[in-house]
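Visitor: Pasting the relevant annotations from TrEMBL:
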type	residues	note
TRANSMEM	12-40	transmembrane segment
TRANSMEM	52-73	transmembrane segment
TRANSMEM	80-98	transmembrane segment
TRANSMEM	104-125	transmembrane segment
TRANSMEM	137-156	transmembrane segment
TRANSMEM	162-183	transmembrane segment
TRANSMEM	303-319	transmembrane segment
TRANSMEM	339-358	transmembrane segment
TRANSMEM	370-390	transmembrane segment
TRANSMEM	396-417	transmembrane segment
TRANSMEM	429-452	transmembrane segment
TRANSMEM	464-484	transmembrane segment
Amino acid sequence: MVFRKPPDGGWGWVIVLVSFFTQFLCYGSPLAVGVLYLEWLDAFGEGKGKTAWVGSLANGIGLLASPVCSICVSSFGARPVAIFSGFMVAGGLMMSSFAPNIYFLYVSYGIVVGLGCGLLYTATVTITCQYFDKRRGLALGLISTGSSVGLFIYAALQRELIELYGLDGCLLIVGALSLNILACGSLMRPLESSGSPPPEKPCVDKVPEQYFVYHEKEKTVEENISILEKGYTDEKSVNNVPDCKQDSVLSKNVLSSINVNEKDTYKKKVVEQTNFCKQLAKRKWQLYLTYWKETMVLFKNKVFSALFVAILLFDIGGFPPSLLMEDVARSANINEDDYYMPLISIIGIMTTVGKLILGILADFKWVNTLYLYVTTLLMTGVALFAIPFAKSYLTLAMLSGILGFLTGNWSIFPYVTTKTVGIEKLTHAYGILMFFAGLGNSLGPPIVGWFYDWTQEYDTAFYFSGFCVLLGGFLLLLAALPCWNACTNPSSKLPPNTYSYKVASSA
């Protein structure tokens, strides 16, 4: 597919708008699952670690399947994938209202909803990057705020719906709202070049052409038969001499000739089909090897390798607060009457602010987005270390706001990835990175929950979370330092601000 130059406007702003609402509708409930988490603890009576798997799967399974999601978007386009995923998210939420146990929720809410969200996220990010170049940071920041606004609104909405209609009614209504994703997906018009040559036919479409020679041979046999019969009929009409015996012999000869030709043609077809299947299998195997070779080339870039470690550790440590902060407050015996706003809502609104501000900063030429991302990781680790010392609603609210703002670094992560590997390899590299991000999202909350089940307090869990995020930030900083590049590659003379991007883009 040949794309036009990104217009940085025009229909691109419609893409930004519908992508914003798509992420708002699909991620609102999974990100605000902390409200549902408390209800599921009371409804099913399972441990915190076991119950936390529901929310962690919903937020992690889509990222784990990012390579598959990337292939789907590349093969079918953003619009069909978005429409199909809308049905998945809505159906999964509605199915969850009938869950008889926690294991049913693992499938309906964790896998079905999570996979739908992953497909939608990949579709919105990919099509936005196609429509924007100079303003890509702003565009990605705007669409990524959709999930944060969804977190802010759905945290209060789901709590209100639970009080009015119960947990089951809440999930049914939220699932019905998610059907609006279908309208958003229908507006994701692909950016294609009007003068681009038509795509080459895949091998499967060319199969009939390979058998054309045999169709022609069959046609020749039929024509010869008709000509022979016609000549014989004309001869009989001229001579007017009936000869049944001669007619019978001629018919037998013709039929035997036809049978021989058909058998030969059939054998040739079988041989041709067998060879075609072998060639197709060989081609698929070559594509598979090419994919892994390209993956290995990406990992030869030390900045990309450090980036995947950092995103894994960041999601192990940085994601649990958005899921467990309400339970942290309840475990600290904070009176619900002191709540001015749900802590999850504070995280959501500050994540929106963080995504916008960090996205705008990423567009300034004097800002190195990789160092900006590292800064957010280090500050997140410090904030996680401070959570065990927060014993009042005010201090938890302040830390929730700080963590929410720093979590806004998701808006610049696609930007960092693009600058690191180039737009041509964005889909491939981003799928790999999102796989490790999903692994961290899936493991983080259950690990924190297990720490609580073992120790009956959250302090040790958040010390562990803070250590993970700090370790990932320091590793990424070490890989990006210009002095490290000079030690490992003395011939390199790239300026500090362009080191990571120039080296990585050649990978």
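The backbone N, Cα and C atoms fix where each Cβ goes, glycine too.
Show me how these features fit into the structure around them.
Guide: Within the same chain, residues 30-31, 33-34, 36-37, 40, 81, 102, 105-106, 109-111, 113-119, 121-123, 126, 315, 319, 323-324, 427-428, 430-435, 437-446, 448-449 sit at least 6 positions outside the transmembrane segment (52-73) and bring their C-beta atoms closer than 8 Å to a C-beta of that stretch.
Within its own chain, the transmembrane segment (80-98) has Cβ neighbours under 8 Å at 22, 25-26, 29, 69, 72-73, 104-105, 108-109, 111-113, 115-117, 119-120, 122-124, 167-172, 174-176, 178-179, 181-182, 184-186, 188, counting only residues six or more beyond its boundaries.
For the transmembrane segment (104-125), the residues of the chain that approach it from at least six positions outside its boundaries are 19, 22-23, 26-27, 29-30, 40, 53-66, 69-70, 72-73, 78, 81-82, 84-89, 91-93, 95-96, 98, 140, 143, 181, 185, 188, 414, 430-431, 434, 438, judged by C-beta separation under 8 angstroms.
For the transmembrane segment (396-417), same-chain residues at least 6 beyond its ends with a Cβ under 8 Å from one of its own Cβ atoms are 125, 129, 136-137, 140-141, 144-145, 148, 307, 311, 318, 321-322, 325, 328-329, 332, 334, 340-341, 343-344, 346-359, 361-362, 369-370, 372-373, 376-377, 379-380, 383-384, 386-387, 390, 426, 429-430, 433.
Note on the transmembrane segment (464-484): residues 302-303, 305-307, 309-314, 316-318, 320, 370-371, 373-374, 377-378, 380-385, 444, 447-448, 451, 494, 496, 499-500 of its chain, located 6 or more positions outside it, place their CB under 8 angstroms from a CB of the stretch.
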Visitor: Ranking 12-40, 162-183, 303-319, 339-358, 370-390 by Cβ pairs under 8 Å to the transmembrane segment (429-452), which is first?
Guide: 303-319
Visitor: Please give the sequence-distant neighbours of the transmembrane segment (370-390): residues at least 6 beyond its ends with Cβ less than 8 Å from one of its Cβ atoms.
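Guide: Non-local partners: 303, 310, 314, 317-318, 321, 328, 332, 358, 361-362, 396, 398-399, 402-403, 406-409, 412-413, 416, 419-420, 458-459, 462-463, 465-470, 472-474, 476-477, 480, 500-501.
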Visitor: Same chain, outside the transmembrane segment (339-358) by at least 6, Cβ under 8 Å from its Cβ: which residues?
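Guide: Non-local partners: 31-32, 34-35, 141-142, 144-145, 147-153, 155-156, 159, 321-322, 325-326, 329, 372, 376, 393, 396-397, 400-412.
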